[in-house]
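Below is one structure; the comments refer to it alone.
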Amino acid sequence: MMDMTEFGEAAPFLRKSEKELMMLQTVAFDGKKKCWVPDEKKAYVEAEITESSGGKVTVETTEGKTMTIKEDDVQSMNPPKFDMIEDMAMLTHLNEASVLYNLRKRYSNWMIYTYSGLFCVTINPYKWLPVYKPEVVAAYKGKRRSEAPPHIFSIADNAYHDMLRNRENQSMLITGESGAGKTVNTKRVIQYFATVAALGEPGKKNVSLLVAGTLEDQIIQANPALEAFGNAKTLRNDNSSRFGKFIRIHFGTTGKLSSADIEIYLLEKSRVIFQQPGERDYHIFYQILSGKKPELLDMLLVSTNPYDYHFCSQGVVTVDNLDDGEELMATDQAMDILGFVPDEKYGSYKLTGAIMHFGNMKFKQRPREEQAEADGTESADKAAYLMGINSSDLVKGLLHPRVKVGNEYVTKGQSVEQVLYAVGALSKAVYDRMFKWLVVRINKTLDTKLPRQFFIGVLDIAGFEIFDFNSFEQLCINYTNEKLQQFFNHHMFVLEQEEYKKEGIEWVFIDFGMDLQACIDLIEKPLGILSILEEECMFPKATDMTFKAKLYDNHLGKSPNLQKPRPDKKRKYEAHFELLHYAGAVPYNIIGWLEKNKDPLNETVVGIFQKSSNKLLASLFESYVGADSADQGGEKKRKKGASFQTVSSLHKENLNKLMTNLRSTAPHFVRCIIPNESKTPGAMDAFLVLHQLRCNGVLEGIRICRKGFPNRVLYADFKQRYRILNPGAIPEDKFVDSRKAAEKLLASLDIDHNQYRFGHTKVFFKAGLLGHLEEMRDERLAKILTMIQARARGRLMRIEFQKIVERRDALLVIQWNIRAFMAVKNWPWMKLFFKIKPLLKSAETEKEMANMKEEFLKLKEALEKSEARRKELEEKQVSLVQEKNDLLLQLQAEQDTLADAEERCDLLIKSKIQLEAKVKELTERVEDEEEMNSELTSKKRKLEDECSELKKDIDDLEITLAKVEKEKHATENKVKNLTEEMATLDENISKLTKEKKSLQEAHQQVLDDLQAEEDKVNTLSKAKVKLEQQVDDLEGSLEQEKKVRMDLERAKRKLEGDLKLTQESVMDLENDKLQMEEKLKKKEFEISQMNSKIEDEQAIVMQLQKKIKELQARIEELEEELEAERAARAKVEKQRSDLARELEELSERLEEAGGATAAQLEMNKKREAEFLKSFLFATPATLRKKHADSVAEMGEQLDNLQRVKQKLEKEKSELKMEVDDLSSNMEQMVKGKANAEKLCRTYEDHLNEAKTKLEEMTRLMNDLTTQKTKLQSENG
């Protein structure tokens, strides 16, 4: 492993230390049980297999959850030695779960770069990491990919050295979703090349470099300029590139920078005039409005408030952690370094300001006309001033554009919607062309005269897009990604299969690019989606729906990649068709596709732009040729064809150029991943990441790897590592070639022998087999280690046993010696020996004895002193202990007497408290009984009062029942009136039916006239044919032929124009006819609805009558009980008079409505007569107008009648509600009476119970009184 110190502080973010990796990779692991299983929250979780039977597997997750799933849903887990592996192609088990786990593990340790076979995967950390510093650039310089940790610098350095070594152009494809980090990685690649291949000083041959800066500075400074005009804040990314770019960096023969150029794709023009909530327009607008350069505000006539400009304020106007003022200075400085002259720089600022003023232009509709007019000209004046054009000409061009009809120009009126659409289209066109000019201008600066030999292209383009609403832009992006993915698949396996061929492996060549060819053909081939769209754009009457119909006719059921959208309740937007891309099914909405593809402009205003005094604006539209100026010579026709190239054909052409460039290079792939939607550092949304892995081809690459042999090992390495599996297969006593050793070893193992191949230098394995060999090696190592451990333990135990034997022998020797000593202990010669031996050193012993005596005397004196002191202290201690014991006895006696006294005192206090409590309790009980007695007495009085009030209520209810009886008669009268009103409505319906018949007759007359007009058209066409025959007959002489041909061609063009106008009038008449038929159908439907409503009302009346009869029967039963309710009779009389007055008003309204209807019918008859009279002599245009007017009047009359009917129905419903209220009141009264009687009975029962309780309480109170007197006498 390489020394990581040269990476500085970036080292921990690139690769873990050996110690940390060892701790991670030596965890216990059972490859047969450990697995990954699907999970709803985390996508995949770790689990252990507990049981397997019949295609089902029972597993237990690490969270303790047990589940039974299909065996196919279980994914194998890699051994710990592969944790945080730097190249995922080396994983033994290549599956989604393993790839996700490896990426998650590395991302949690802030290692954002990981290799996956041929490409590099990078995950956005959403925080600053110190991995792009100059020392990191220096550390990666000249390193092979295998020598350093994964990094974008490693990919760039390998591309650079491949270019120099192989003398071949290179490319780097950086793709991913918005917010995944594509732009940042692109900038880092450019930074790397500008550092390692810098010229050092401005080239002397290029004068512009001396003025503006070094070439490497200019290449780096191209980014701020492009980002200001091409980047914007989106929901996912605060600095999202809204365009794709292919940057080519050219190098000389020595590998030094020589020049660069940029190509752009698919700028999001719609963002100029519209932004989603939470997003904003391009950065340049807000940079200008920041006020950092006040002279710009004065020059562009703008304020510092973005909310003053409609185009800039539909979303948010600020971005966190982004200073628009500082960014403006960076943009301005970048333009200076890139060599922009003041006219160019300020010209682009002026056009940007003009677009802001364009968005504030207001228009209003003229009354009674379809023509729009300007609602103030302040914004138009400012925009015109900045663009260098005349304000009145601009407004006139927007409101009254000139359109060519035949050979003449006519002025066309515009509605407000059309004008606003034209303003938006022009704003988008100006910004789009200005951005393209900016790129061309940057390329001009970067195009030096230095010699160039090779280039490295860096592609930064949006990845596959699958949104809720997918439109034309998404089709273009997905089409691009489909081509890029096919290119990647082809390249990836071409390289793989070339290695198989080089290694001599038998292999049938597979073109994996064909997997995507069906979808690509469906989009780009003749009669494909883009071809049909182009064709529909050529027809003036074509619509989005005709495009859809043609698409269905050509491909639905014939092409497997196109299908009808599946029903989905969660889908927010309508989908018209689905395409099966390699990343999944994408539903597309085709609304507006024809307009987006044609991208039409107001050519009158474009003509004004071409004559602008603003040189930049005039140059932007210099090459634009409109449809009206395309019939003057072949050269102009060719210009028209070029200028009117549709968006789809232009994109297809650019994409083909890009693919040609890429095919001529050696590609390097970088896939950018967005980890979560909330921009949270360190958090990973598993399902979001998996979706991107599928979309950007990481999992596709794994799928392709499975078909080949992704794992390969050199023969020598294989022999050294796996010889342990069967040592007997390779003889040790003689030399064996590494290849033959590998062949013998693999042949001797119990594995699938179709899962590997032998090359010239390597052995190749299918995915998973190398992992299986690793497991076998681990098992073999485990057995060997177990055997080694057993032998080591045996050796240690034998050593220990030897020590025990030696200790036993030593004990025997000691015992023998002791027994021998005991045997000679009493032997006289031995005693003599013991006595003589000490005397051999008598002198020394005498001295020692004298010293010992002195020490003994000293010790004896000290001992005597200490003994005396001890005795004194013991005597004192005895006396003190005696005193202590006496005091303790006295204390104990005093404590006993005190405890007895306290105990007696407590008993007395307790008895006193108990007695007091008893007295207090008895007193409270007496007081409570007295209060209860008084309360019961008051309750008794209240109940008596309530009983009297209830009796009064019963009397009142009887009075109201009599009142209801009278109201019943009034409701019967109302019902009769309602039946009469329905009869009048029936008459109105019959009259409307007659009017319908008359309208149908008029409609038939219109059809007859249309037929007559069609006959005229036929006669005109016949006349045209005769004229053409005359032209053929008059080809005799050459001079006369020229004259006659010119005359006839003029006549022919005139007749064709007349014919075209006649055909258009016929089409308009047919449209009017269809509209009339639709209106008649609507009226018939309304009449049927009225009939059904009347039938419903009649059924309701029958139900009311039935209810009234039931109420009448109930009232008759209660008449005898409700005679006393005469007091409320006056109130009932008043209500009855009010109802009678309302009925009279209703009858008057009905009479007025009937009179109005009769008058309207007479007016209709007169108008019909006038209409038929004028109809016979009018032209088709007047016929259409009069017919439309008469239909509108009849519609208004029908609406009036409908309103009258609705008003009558409302009044009828109000009367019905009143009847219902009266009946409900009567029922409530009856229920109230019954409830009152029930309450009266219950109250009487309560009263009796209260009386008995009162008697009991009185008796109890007497008992308590006697007890109280007794206690008082005892206490006294």
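The backbone N, Cα and C atoms fix where each Cβ goes, glycine too.
In TrEMBL, annotation is done automatically, which means it is predicted and not curated.
Feature list (source: TrEMBL):
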BINDING   GLY176, GLU177, SER178, GLY179, ALA180, GLY181, LYS182, THR183  ATP binding site
COILED    840-1156  coiled coil
COILED    1191-1274  coiled coil
DOMAIN    30-79  domain 'Myosin N-terminal SH3-like'
DOMAIN    83-778  domain 'Myosin motor'
REGION    655-677  region 'Actin-binding'
Between the binding-site residues GLY176, GLY179, GLY181, whose Cβ has more other Cβ atoms within 10 Å than any of the rest? GLY176
Can you tell me which parts of the same chain pack against the region 'Actin-binding' (655-677), counting only residues 6+ beyond its ends and a CB-CB cutoff under 8 A? 103, 107, 116, 118-124, 126, 152, 155, 158-159, 162, 166, 168-182, 185, 236, 246, 248, 263, 265, 457, 459, 463, 479-480, 483-484, 487-488, 491, 683-685, 688-689, 692-693, 696-698
Here are some binding-site residues: SER178, THR183. Which one has the most Cβ atoms within 10 Å of its Cβ? THR183
Using a 10 Å radius around its CB, how many other CB atoms surround ALA180 (ATP binding site)? 25
Among all the protein chains here, how many other CB atoms are within 10 A of the CB of LYS182 (ATP binding site)? 28
Can you give the mean pLDDT for the region 'Actin-binding' (655-677), rounded to a whole number? 92
Number of Cβ atoms other than its own within 10 Å, given for GLU177 (ATP binding site): 24
Using DSSP, how many residues in the domain 'Myosin N-terminal SH3-like' (30-79) fall into helix, strand and coil? 3 helix, 30 strand, 17 coil
Take the mean position of the Cβ atoms of GLY176, GLU177, SER178, GLY179, ALA180, GLY181, LYS182, THR183, the recorded ATP site. Which other residues of that chain put their Cβ within 8 Å of it? ASN124, ARG236, ASN237, SER240, ALA462, GLY463, CYS672, ILE674
Which state, by DSSP, holds GLY176 (ATP binding site): helix, strand or coil? strand
Tally of helix, strand and coil residues over the region 'Actin-binding' (655-677) according to DSSP? 9 helix, 8 strand, 6 coil
